[in-house]
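According to Swiss-Prot, the feature domain 'tRNA-binding' maps to 39-147. Under the heading domain 'B5', Swiss-Prot lists 400-475, citing sequence analysis as support. If you look up Swiss-Prot, you'll see D453, D459, E462, D463 marked as Mg(2+) binding site, on the strength of sequence analysis. Positions annotated as domain 'FDX-ACB' by Swiss-Prot, on the basis of sequence analysis: 698-791.
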Amino acid sequence: MKFSENWLRSHVPIQATRDELAATLTAIGLEVEEVIPLGESLGQVVVARIVEAMRHPEADRLQVCSVDAGQGELLQIVCGAPNARPGLVAPLALVGAKIGELTITAAKLRGVASNGMLCSAKELGLDSDAAGLFELPDDAPVGQALAEYLGLPDASIEIKLTPNRADCFSVRGIAFDVAAACASEVVAFDAGAVAPVSTRTLAVELDAGKDAPRYCGRVIEGIDPAAKTPVWLAERLRRSGVRPVSLLVDITQYVMLELGQPMHAFDLDTLHGPIGVRRSCAGEQLALLDGRQVTLDDSFLTIADAGRPVALAGLMGGLDTRVTETTRNVFLESAYFDPAAIMGRGRKLGLHTDAGHRFERGVDPALPPQAIEVATRLVLELAGGTPGPVVHAQLPQHLPQPARILLRRARIARVLGIQIDDVDVVRMLRALGMQLDAVAEGWEVMAPSRRFDIAIEEDLIEDLARIHGYDRVPTTLPGGASRIAMPSETQLDELSVRRQLVARELQETINYAFVDAALLERWQLTNGLVPLANPLSAELAIMRPCLLPGLVATLGRNAARQAGRVRLFELGKVFAAAADAGAAPQESQHVAAAVCGDALALQWGEAARKVDFHDVKGDLMALAAASGAQLEFQPSTQPFGHPGRSADIYRDGVCIGWIGQVHPRLAKALDIDVDVIAFELQLGPLVQRTLPCAGELSRFPSVRRDLAFLVPDEVSWAAVSASVRTTVGPLLREVQLFDRYVGQGVAPGFKSLAMGLILQDNSRTLTDRDVDAVVTDVVAVIEREHRARIRS
């Protein structure tokens, strides 16, 4: 946003110097990128009129001009500008004037005396236009100092706006922030209604719903087509980076820069029937002001009359309905469009306009009626004409409504770390145009309609911090006591789990929390899935229901790259759809491991062998031992597991996971040609541990008895050991499985389990009779409950 310093000061009277103003703007978040001083050294430059222009006798491109500079006699000036002509009013630098680094002196050019220099806008440092002399209006007072005539000195200030500050795309919007920061007040603005003189109107229809909820239009007839843009208006535009075009166009640009409301002027005689806002039809064509013919789709908003689109709403007017040097009747448009309806439409067509930039960020929905009155007043003042009544069409239900926000004193102090006096809070917020009502906790605040960025309490606090001054917030070091968190005695932390698995020679991996739906179908995991609304890609469209699919896929990629021994683990969240529709998905923390290849690293002391179920179960049992968890294993029916080499994992009777070999059919589908052994279980139940209780150490010796049973294949060791513990009771210190045998001497369908019973009493030495009685009971129970028999 570029603007004139003097224009800003006309809206907010402040005593700050130019440098102080620039520093203030940057301090309140309106970062100043450039300040260009204008007219600093034009003391001897005056308004002059060329009375006569003759061709230079020695140079085809030079003219010898007789110039009236208001000094009573004509001055002879040699000039090479292509637009030098009799009657032209232009700036004249007198002898002795300093223009930039050049001091003007009397000189001879190709043998002809020249007593000054007629100047272009670029030579004066007022504009980049160097094509010819700076043409001034014909009624400019000859002899008057140019600086006085143009309202100089001045400066062109350019600021960089953040996307949330669309309200500062206007001089008046910036003025509110400056007034608040400088403890001043914004000058009252006259936007009173202009009384209609005629009854001529143009009907307005709104057919775009919430995308265009407000549209104002006014007919002005009989304007003077020869009226020119006055120098004060043209200079304000020029210093704001806008090149003057024609009076009507310049007025709409002026209103946009001053108030922030983009406008458009149509030649009324080119419009047919009612005008309105509607969606474009696919394939519809429109000739734009820049001469391009564009083909529209149905995503564009258009301004249309009874038979055709006449403008791209919020972006650019149409070529066929533009105002020209012959326009006598005009229709002024001022509207509010929803930012989402304009956003991105210009880029589709390669357009970037000031109007589109403002509408994309958000324009004050209350501005259209004010802007059309201001524009009307300027048209009548500068070009005459007869105004009709304003036609105001709106859909109130779709207009943004400012919210009332509770601003608490305590919250201000908590967020900023400083206490701001109530009187300063009220002064700053009112200077920003906000309405305040005092309440017990602080204030109820309603932001002005131009402030789209004010939605919550913290937005108001941010404004207070900006205006109060970030440099006035004291620098303090963080305080407070540091508390050392004691490690939980009832739960193993995740770091300990990681360390335990690393100690077992597993390497941690981190995979995406999103997986491919096709991969889950291969694993036959299709229930309770959580799809993503906006996935990164089609292959990452589902939140993972478990860790194993991603972990095994990673293992497969490593195995395919000649890794002979792969041992991976992962800790992470898994996700499941909630039972109640509409509820948030359920999250839980899991731990998983997957291994393949050699059981041990290659060495001379151990024979090479492949990893098997019992190796991975050993890793799991070591992990469980860290928390004291007593795990049980039962045959699993999971479809992704090998039917004879997988088990469900239980703790305290609750299934918490799975361990086993990945089904060969699944491994083949995943292009993995080695056996993969894996486990996954819920982390929460695994890491819970019971506080150890100190018990009495027996002073009496323990006794060991070894027993071997022939049991059916389907009977698990877990079931047998549970029967032993229940039968023996407190005398049992430990039961150990030290042999499992299937083969010669054992009938088909049976297996031999050899166990060691370690018995001990705290009060006496066990006798042979005591031990024999226990053994007898154990044998009887196992034979009865498990159809087993003692092996001789």
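Here, residue 1 is simply the first one shown, and the rest follow in order.
Even glycines carry a Cβ here, placed using N, Cα and C.
In the structure shown, across all protein chains, D463 is the one of the binding-site residues D459, E462, D463 with the greatest number of other Cβ atoms within 10 Å. Mean pLDDT for the domain 'FDX-ACB' (698-791) in the predicted structure: 93. Here the domain 'tRNA-binding' (39-147) is broken down by DSSP into helix, strand and coil counts: 2 helix, 42 strand, 65 coil.
D453 (Mg(2+) binding site) carries neither a helix nor a strand DSSP state and counts as coil. DSSP gives D459 (Mg(2+) binding site) a helix state. Within 10 Å of the Cβ of D453 (Mg(2+) binding site) there are 17 other Cβ atoms, across all protein chains. Secondary structure of the domain 'FDX-ACB' (698-791), assigned with DSSP and counted as helix (H, G, I), strand (E, B) and coil, comes to 34 helix, 32 strand, 28 coil. Note: the domain 'B5' (400-475) comprises 33 helix, 14 strand, 29 coil (DSSP; helix = H, G, I, strand = E, B).
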